[in-house]
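Student: Below is a structure I'd like to ask you about.
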Amino acid sequence: MASIPDTSYISEDNGLKSPRAHRYDSDPNNNEKIFGLSNSLRNYLVVIIGEFCGTFIFLWTAFMIAQIANHDIILNSMLDVERGSSPAQLIMISFGFGFGVMVSVFLFFRVSGGNFNPAVTVTLMLAGAVPLVRGLLMIFTQMVAGMAAAGAVSAMTPGEILFANSLGGGCSRSRGLFIEAFATCILCVTVLMMAVEKHRATFMAPFAIGIALFIGHLICVYYTGAGLNPARSFGPCIAAASFPNYHWIYWLGPFLGSFLAFGIWKLLKLLHYQTANPGQDDDGLEIYHQRSIV
């Protein structure tokens, strides 16, 4: 019986095979309708589904881990009331958020871009990587997913909600605002330099983004509870039906971080940063390429 040819790969001039693009990827002008939806409407729907699922998985995972960390008797026995969160709680909560976003970005970055954070989406809108209408839809979806994740964790776990953001460690509102802004800036700069800027390490962007959020939580949990994401901060307040009178810092701080991150990235782009340290994407095989040409 004759074998069926493999059509999922295409042969290149060098004899190697590369994956064949999906027929919808290969022709951006393809107007074939799916479920009666136009291409643009279908793409918006895909983005909404991707952002909702990714944000929900990320925040549900993180909220569950934070709830466990703050309820755990052993971890709480290590807590010094005058000092705030114990190192064990800090690390556990930070791992929950850092690895939660890492998994979600790996899963959905090819679907919706894997933002899962209104502050990140605003940064990408400023950078021109996300169109205005799509960005606004993504932000709305992220907020809904944040509320859904907080409500789900509240319904699934006993006791009061213990993963809402609050100031601690004697931190004032102004200090909390700038802590949130700078930590969010680190996260957004990581997204810009690892995901928006295309290079040999772009495939590692989800890993770098997760580590950036992990570090941000190590810094912020003690002082602000680590918002860094308006969807993350808003959801628990809705689920608990309780808003602190300083809740605004969890919106203004991350968005200030978005603008600061965009400013840093834009300045580097205007200065053509690639020429300051060239050759970072070389594979080290130039000498072999030259010999093959000769």
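Placement of Cβ uses the backbone N, Cα and C atoms for every residue, glycine included.
Whatever TrEMBL says is automated annotation, not expert-curated.
Quick paste from TrEMBL:
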- 1-11: compositional bias 'Polar residues' (COMPBIAS)
- 1-25: region 'Disordered' (REGION)
- 44-69: transmembrane segment (TRANSMEM)
- 90-109: transmembrane segment (TRANSMEM)
- 115-137: transmembrane segment (TRANSMEM)
- 176-196: transmembrane segment (TRANSMEM)
- 203-224: transmembrane segment (TRANSMEM)
- 248-268: transmembrane segment (TRANSMEM)
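Structural setting of the listed features?
Tutor: Sequence-distant contacts of the transmembrane segment (90-109), counting only residues of its own chain at least 6 positions beyond either end whose CB sits under 8 Å from a CB of the stretch, comprise 50-51, 53-55, 57-59, 61-62, 64-66, 68-69, 75, 116, 195, 205-207, 209-211, 213-215, 217-218, 221-222, 226.
Under 8 Å from some Cβ of the transmembrane segment (115-137) lie the Cβ atoms of residues 44, 47-48, 51, 54-55, 58-59, 101, 104-105, 143, 145, 184, 187-188, 191-192, 196, 228-232, 254-255, 257-259, 261-262, 265-266, all in the same chain and six or more residues away from its ends.
A Cβ distance under 8 Å defines the sequence-distant neighbours of the transmembrane segment (176-196), meaning residues of its chain 6+ beyond its ends; these are 109, 117, 119-120, 123-124, 127, 129, 167, 202, 204-205, 208-209, 212-213, 215-216, 219-220, 223-224, 226-229, 246, 249-250, 252-254, 256-258, 260-262, 264-265.
Long-range contacts of the transmembrane segment (203-224) within the same chain: residues 84-85, 89-91, 93-95, 97-99, 101-103, 105-106, 109, 114, 165-169, 171, 175-176, 179-180, 183-184, 186-187, 190-191, 194-195, 249-250, 253, each at least 6 residues beyond the stretch ends and with a Cβ under 8 Å from a Cβ of the stretch.
Here the transmembrane segment (248-268) has Cβ contacts under 8 Å with residues 117-120, 122-123, 126-127, 165, 173, 176-189, 191-193, 196, 224, 227-230, 233-234 of the same chain, all six or more residues outside its ends.
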